[in-house]
Amino acid sequence: MSYRDLIVGIIFLSQTIVGIVENFSLLYHYLFLYHTECRVRSTHLILRHLTIANSLVILSKGVPHTMASFGLKHFFNEFGCKLLFCVQRVGRGMSIGSICLLTVFQTIMISPMNSCWKEFKVKAPKYIGFSISLCWIQFMFVNLVFPLLYVFSNRSMKNFTKKGDLGYCLAVDHETITVSVYAVLIVFPEVSLCGLTIGASSSMVFYLHRHKQRVQYIHSTNVAPRSSAESRATQSILVLVSTFVSFYFLSSVFHVCVALLCNRSWWLVNTAAMISVCFPTVCPFLLMGQNSAISRLCFAWITNITFPNLIRNM
């Protein structure tokens, strides 16, 4: 194992451990609130599924690249490679869908009563569960196309002569018709959801700016705390969305390069994988940073798991 592989392996291992621990800690917090019925918000359901999607991306992307960097090469066969790619796409798609739902829902809730969203203010919380279930079904159904391609490709392997080395497996380069199907079924929905997310975020910025101008003339102490809480919640979502869009754009650029180049370089494949895992790893820190209660609870949970005897003796 070379020195560069060791460094890359350490980076992937760090991303995987930190990302899994933080996402599972955050998921534990939201499940705890759900079962205790304590301060349960409508956005918590979306955030629970966002953490699950992030965990899928980290496990399916970070773990294989970590193993490959430490010398375990090509441990997946063709079907295993396609199945792992399916899990990666489902996790990535659900992450995009969850961010989109979160942004649209928050935009609806902070919109004024005279806006076009006024009819959805009461109905929106009721359809969150249905919308999330629909996203899971859609992305799982669409991404099952790629493992199934393995079954059909075995009948005509002559059409699949080129293979790209991803480290942990050899990915088959499909024909043009497969690339077209991939673009229509996966790329177009992802780009559409990102566009909707950016549009909803722009609406939130507009509503916040107009709301700030209005409250400057209101000096009532009863209204100020509520307005401040709404503003903080919306600003935290905007930070989350802007971080997501930045990483998604960089990840998309690198993945396009990996997909188009027949001779994939070592640094290009690993850089694309690192950027893909960046947002799932950073996302829990952004969410916990906006809520000190989550940070304290997650820290106590991690500490109790790591040092249980020390906690009991204190």
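Using the three backbone atoms N, Cα and C, a Cβ is placed for every residue, glycine included.
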Task: Stretch carrying transmembrane segment according to TrEMBL (options 50-71, 94-115) - done: 94-115
Task: Residues of the parent chain within Cβ reach of the transmembrane segment (237-261), under 8 Å, 6 or more residues beyond its termini - done: 95-96, 99, 102-103, 106, 164, 179, 194, 197-198, 201, 204-205, 268-269, 271-272, 275-276, 278-279, 282-283, 286-287, 290
- [ ] Test the contact criterion for the transmembrane segment (6-33) and the transmembrane segment (267-287): 3 or more CB pairs under 8 Å, pairs 6 or more apart in sequence, then answer yes or no.
- [x] yes
Task: Segment confidence, the domain 'G-protein coupled receptors family 1 profile' (24-287), expressed as mean pLDDT - done: 78
Task: Beyond the flanks of the transmembrane segment (94-115) by at least 6 residues, Cβ under 8 Å - done: 42-43, 46-47, 49-50, 52-54, 56-57, 121, 124-125, 128, 131-132, 135-136, 139, 190, 193-194, 196-197, 200-201, 203-204, 207-208, 210-211, 230, 233-234, 237, 240-241, 244, 248, 279-280
